[in-house]
Each structure stands twice: as C-alpha cells, then as structure tokens.
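A quick write-up on the structure given underneath.
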Amino acid sequence: MKLQNDLILRAAKGERVERVPVWMMRQAGRILPEYRAVREKAGSFIKLATTPEMAAEVTIQPVDILGTDAAIIFSDILVVPEAMGLPYEMVESKGPVFPKVIQNKKDIDALRIANPENELAYVLKAIDIVKKELNGRVPLLGFAGAPFTIFCYMVEGKGSKTFSIAKKMLYSEPELAHALLQKITDTTIAYLKAQAKHGADLVQIFDSWAGILSPDQYRKFSLPYIAQICDAINEVPVTVFAKGAFFARKEMSKLNCDVVGLDWNMDITESRRMIPHKTLQGNLDPCVLYSSFKEIEKHTKKMIKNFGGQKYIANLGHGVYPDTDPEKVKCFIETVKNYTI
Ligand SMILES: Cc1c2[nH]c(c1CCC(=O)O)Cc1[nH]c(c(CCC(=O)O)c1C)Cc1[nH]c(c(CCC(=O)O)c1C)Cc1[nH]c(c(C)c1CCC(=O)O)C2
C-alpha cells in the first residue's frame, strides 16, 4: 500500500521534504475527550489496550482530530514484561504496578523470551486493523521501551523518581542485571520485528529513564542493548529517544538508527553538531502548550528555525501532558504544518 503522506518516513531517511512533519509523543491518550469516551466504555486501561478494535480506534483519533502526520499504535511499553511472564496492573491516578518483581536469578530464569505472535497477538491484531482503516493516509509508528527502562519497572515494581531499587542491582549484582537486560532485549527485537511485519512503518525505542544513570552506567547497562536492537531491526527506520541522556549524544550518533529524539534540555544547535548525520526529532517543552496561542506559535517557529527544515521531525521533548487543551495542541501542529521551509 503506497502512503499518501510519507513525510515522516522521508524525513527519517534523510530525504528531502516539502514541509516539516509533526506528531506528538503520547498523542493517543487522555488529552482527547474522544479518547476518554472509549476508555470509559472499555472500563480500564488494560481492557482498552488488549481489545484490538478499541485500541485501533484511539490510535486513529489523533490523525482525524489533531491532524498529525503519523499514528502511533495505542499500547504501553509494559506489555513486554507481561509477555515475558510478569504482569502489570494500572492503578487509577497512580500508574503501573507489578504485583511480583524480579529479585534473583530464579526469577529471571522463570521469564520467557516472548513469541509476539502468541503473547502479544492483541497488539499485532490492533496494528492489522489500524493499517486497514488508515488505508495509507499516514504512516503507523510502532514502539517499545528500551531494555533499561523496562528493567527499571520489572525490578522496582512501580514508578519512582530515583528507581533506586532497580539501580541497586546494577551496582551490587551486575551479572544478574545483564542477564535480565539480555532477555528483555531478545523479546524486544522479536516484538519490533513482528510490529514491522504487521505494518508498522517506523519504530521508536523509548528510554524514558535514561537520565537517572551516570554516563558510565549508561554505557554499560543501556546503550549496548539499544545498539543490539538497532542492529537487528533492518525492516523499517528506527528512532531512539533517551530522555535525559544529554551526556550520551556522541554515542547516539554512532548507533545504527535513523532518528534521534531530543528532550527540551538538549540544546538544538549543539545536538546538530554532535549528531550530524542523523535526522533529529523533538523537542518543544510540553509546558509551552499551557501558554497562549501566540506564545505557542512563537516557540514552535523558533524551534523549527533552530533545527532547520530538513532531517527533522517536529515533536515535543516528551509526552504531551494529560491536562493540555486540545486546541493548544492543534495550534502547535498547525504552526509546524504552515511553516515555510
Ligand atoms: C514510561 C512509559 C510508560 N508507557 C510509555 C512510556 C514511555 C514514554 C514516556 O516516557 O512517556 C509509552 C506509552 N504509553 C502509552 C502510549 C500510547 C501511544 C501514544 O499515544 O504515544 C505510549 C507510547 C499509553 C498510556 N499509558 C498509560 C496511559 C494512561 C492510563 C489511562 O488512560 O488510564 C496511556 C494513555 C499509563 C502509563 N504507562 C506508563 C506510565 C508511567 C503510566 C502512568 C502515567 C501516565 O498515565 O502517563 C509507562
């Protein structure tokens, strides 16, 4: 199926574009009343995420309502631990919780390397439906968490500011940590390949907790596993987004990936210099969308001017915050689309 709008894919591959493409991390979610209605009907986040027809519906909403240049499959990074045998719960207004966590070698041995066609069939089915319903309008993005970020949740068992329980394992039992990271990596590679096979046009790796590691620890416990994934995924372009990993930009430039995502703490000009050969994605502070329409336009235009119009995918520097006014989001998206490059 030939895509009618392939701006994001062309930008990712470094090909020329007529205008800057735009999408938003966490675009399929609570900012839209239309999402909240489907979520209500589903009864719970997990029910919504595991029911392919409903997951497909909320995946397409931002394309129809906000006008984004891509859809991102509605799911969560935590479906991977679940597929490996460690289920999660989503506690209202608290976030994810794992009733059982990984503490020793026995726990790691008990985990399986998932077969996505079995344990993650519901995500793949949702991808099949979305591809059919999008009918080539825009590309579909797939995703997975980076092994280190998934490790954090599997060992800590819940969200945390410091993930000190998870980090403790890195320092006190590094071999154990590596064994778990490798098992997560093997599952993630199989999962992303399956997403591409089912029609994901590009995949993004979210290393949301990269910023809690020292540069040394990041080089040991995160980058090698991201590198394995990048080397293994040759079917579609790959984006690596490591929140807070400003210290690793030089190494990111050497990864076998097409796009590097930036957060708002990373200076644009400096990042272009450090990552000269790749497409960059980002990096508006999501809080800008709390300001006036005029301010949003001003900050968005300044951002595009700094990145330049080519080898660039406009986005926020992290996921959109749930209490953001959809009209402000539309203003951001329209400003990007109307920018003459
Ligand atoms: C760390 C992380 C998680 N999940 C994800 C990350 C990496 C990206 C990032 O750093 O933001 C990724 C994710 N989670 C979700 C998506 C959907 C696709 C999209 O629109 O981007 C994506 C790409 C849906 C979701 N995942 C979650 C919701 C909200 C739950 C609900 O609607 O009830 C949604 C729409 C729940 C979730 N899931 C997670 C947390 C910490 C929480 C609770 C806090 C929160 O709500 O943001 C783990």
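Positions of Cβ are set from backbone N, Cα and C atoms, glycine also.
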Per TrEMBL, R26, Q27, A28, G29, R30, D76, Y153, H318 bind substrate; matching candidate in S208, S271, S291, S292: S208
Lowest local Cβ density (other Cβ within 10 Å) among binding-site residues: R26, R30, H318: R30
C-beta crowding around A28 (substrate binding site), within 10 angstroms: 24
Conformational class of H318 (substrate binding site) under the three-state DSSP mapping: coil
Reduced DSSP assignment, A28 (substrate binding site): coil
Pairwise Cα distance for D76 (site 'Transition state stabilizer')/R26 (substrate binding site) [Å, integer]: 10
